[in-house]
Amino acid sequence: MIIRKGSFICCLLILLSGCWDNKDINHRLMPVVLGITGEGDQYKAYLQVPRPESDEMGSQVIIEEGHTINQIVNKISVNMESSIDLLHIKVIIVDKELAEKGLSDLITGFMRSRDISSKALIAVSESNLDDLFSKISHYKAPEGSILLDYFEKNAGWEPQIALTRIWQVYRSIHSYTRDVAIPLVGMGDTTFLNHTGSAVIKNGKMVGRISSDETLLYNAFSGHSTNGKIEVLDDASVMILGNQLMTKNKFENDKPYLTTNISFKVMILETKNNPSAEKIKKELDKLLMGRLEGLLEKSQKNKADIFGMGQYFRKEIPRDKLKNWRSNYYLALKLDLNVEVDIQNAGNLKIPSK
Amino acid sequence: MDKSIQITVFYILTHMGLIFFLYPANIIESTTAAHWIPICIGLFVHILIVIIYLTGLQFFPHKDLVSIYTASGATMTFLFLLPVGVYFLMINIIAVRAYSEIIMIIFLSKTPLWAIMGLLLFSATYLAYKGLKAIFQTGLILAILVLPLILFTIVVSFQNVDWRYIYPIWNDDFSFFNKSVYYKSFFAIGGSFLFLGFVHPVLPYRPKMVLLSVIAILPLFLISVYVPIMTFGQATSSNFLFPYVMTVDAIQLSWLMFNRVTMFFLLGLVIFITLFMALVLWKTARIMHAFLPLRNQGLLVILLAIFIFSCALFISDWKEIEMIFGWNTPLRFYVVFGVPLSVLILGLRQTKGETTP
């Protein structure tokens, strides 16, 4: 009996230990940033791998070329003393040219293999990735990469930076009514990065760009908070404390109509020439309104529905027609915009009301 | 002793294991809009057959399915008991093979298949060898350990939901009735309830409690389909093999110290599936025992496990799994409808015989 039980427990030890082909953590390289450019029909990948140094976190950049990302990873693994594990990649930076050529294959590959988390953020670089990655290891960051902190909501993120994940880009490849904007960055002179706006991605391809200020409105529309953004007017500068979106839709004579009310709550920071609250309100109103209208016009021209306005008409337009939302209905969309500005407070000093 | 709690918990667990993997993709593939219509038809069928089955079983408080059929003659045995046995055997082979492939696709891409299958089957066989009580008690313990995690994941999976994807609510197109993939979705709907007829002599339960658990799992069917649709939209989620797993993957919680909630969710569900396999294995052995009265039923379990393992080794790819799944579907409908109805009819005949001697 004891022998039977003993051999059974030995069996359990072997079967349930979970030690199968696993590589210990000290034999794995876990890059956090992946940069990709296209060279001919090949990809060139840059992997930034954090390395713990004596008292801080350093990093190392590995560069390799290949036909697919997996081939590249495999090549690197062969040459390295440890194996590469893409599980912890948090940020993917793509060259602008590659983004304009189309990201569909790349993104579909990420979604298929699940090696790279679908939560990874994606950004487009306007400067050469060679330069970017040669400088990146000089900047030390607690999480292993400065790029990571740049996009982290609890670190360097600001409301004028679009925050788009791999799965959202994948959704835009297939969705009838949804496109995305992803951040555009370049090398900065005194800072590491320079945020230059957002790339408009339609069906996995970059079709246009919007400015940094316009991205703020994009974020407001997609439900991110715009807290903390500072708007500069002729007479004053204000800080946005919150935003709210109310939308009503109507579908008549095969034409979509949308009434949108966006209300911003602001706080006054600085003024010039002592303007009245009314004046500041009006000025801000005009500024945001003009910007929103311009943004909509631009995205209609690109036929890219980054606001997901087609979402509001899912009830009215049947699916076989919704398929042509971007080409048929989106261009005909009439938007009635109302921007409402509420000055919540004016800081420590009083402000004239008239 | 009333064991209703064990039965209800087990009912919920096994259905969770069946729902969250293949069911959403089947439904999303069978129709493009108004998914609640096919789901609700399936759920209606589910409730109906469970009620019929429970009513039928109440006529035989001290007999399980095997003794009900063997007592009603050889015709009934061959007409119903044999198909049920074959059905269970096929389910077991499919479950072992399909779920090990799922584990491989989702997280253990480098582990050899036979090792995963071996591990799954080993735990299931051990439980089945120990008998019914062991299976159900394990179910209760695992539910206490794992269910909170699963429920947490289900709640946070609503994170990226865009409610407007729910439209259009209505669809006149009922073409899903012509699609074989819709009938495959009945794997989750009619996959597990038959155990109610095997356990009541050992673990008596109150039918009302079972109906309670039937109601408890209804929202899970809707959630498993609608959360992916509301996150990705129909056009995107129809590309996924496991839409719900993809949705769980997209959850971003910076305050949680674990990066991937998916792991906990999947491991929990795989544990539930192991329980399900243990039970099906035990049931198959119980039916075989009627034809092959060995002294030790445990030996049958082990022989069956070896047979299932070698069958599963012969299935080489996902296409073949789907093909066998397809073969299994007509048999499933026969069993899922035939067994509850026949039990009810046998029960009614029996009471008639008693009242008019």
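Yeah, the Cβs are placed from backbone N, Cα and C, and that goes for glycine too.
Under the heading transmembrane segment, TrEMBL lists B:6-24 (among others).
Sequence-distant contacts of the transmembrane segment (B:36-60), counting only residues of its own chain at least 6 positions beyond either end whose CB sits under 8 Å from a CB of the stretch, comprise 27, 30, 67-68, 169, 171, 174, 176, 182, 185-186, 189-190, 193-194, 196-197, 200, 207, 210-211, 214, 218, 221-222, 225-226, 336-337, 339-348, 350-351. According to TrEMBL, the feature transmembrane segment maps to B:36-60 (among others).
Positions annotated as transmembrane segment by TrEMBL: B:66-90 (among others).
Residues or ranges marked as transmembrane segment by TrEMBL: B:102-129 (among others).
Residues or ranges marked as transmembrane segment by TrEMBL: B:135-161 (among others).
Annotation comment: TrEMBL describes B:181-203 (among others) as transmembrane segment. Within the chain carrying the transmembrane segment (B:181-203), a Cβ under 8 angstroms from the stretch's Cβ atoms is held by residues 3, 6-7, 10-11, 14-15, 18-19, 22-23, 26-27, 29-31, 38, 42-43, 45-46, 49-50, 53-54, 57, 61-66, 68, 84, 91, 132-133, 136, 210, 221, 276, 279, 282-283, 286, 325-326, 329, 332-333, 335-336, 339, 343, all 6 or more beyond its ends.
Nonlocal intrachain contacts for the transmembrane segment (B:209-229), taken as residues 6+ away from its ends with a CB within less than 8 angstroms of a stretch CB, comprise 4-5, 7-9, 11-12, 15-16, 19-20, 23-24, 27-28, 35-36, 39, 42-43, 46-47, 50-51, 54, 154, 157-158, 161, 165-166, 188-189, 196, 237, 240, 243-244, 246-247. Residues annotated as transmembrane segment in TrEMBL: B:209-229 (among others).
Long-range Cβ contacts of the transmembrane segment (B:264-282) within its own chain (Cβ-Cβ under 8 Å, at least 6 residues beyond either end) map to 10, 13-14, 16-18, 20-21, 88, 91-92, 95-96, 99, 103, 106-107, 120-121, 123-128, 131-132, 135, 138-139, 142, 146-147, 149-150, 153, 191-192, 195, 198, 245, 248, 258, 301, 304-305, 308. Taken from TrEMBL, the feature transmembrane segment applies to B:264-282 (among others).
Only residues 6 or more beyond the boundaries of the transmembrane segment (B:294-316), in the same chain, are considered here, and those with a CB under 8 A from a CB of the stretch are 89, 92-93, 96-97, 100, 114, 117-118, 121, 124-125, 128-129, 281-282, 284-286, 288, 324. Residues or ranges marked as transmembrane segment by TrEMBL: B:294-316 (among others).
The transmembrane segment annotation in TrEMBL covers B:331-348 (among others).
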Residues of the parent chain within Cβ reach of the transmembrane segment (B:102-129), under 8 Å, 6 or more residues beyond its termini: 21, 96, 135, 138, 241-242, 245, 262-263, 266, 270, 273-275, 277-279, 281-282, 285, 298, 301-302, 305, 308-309, 312-313
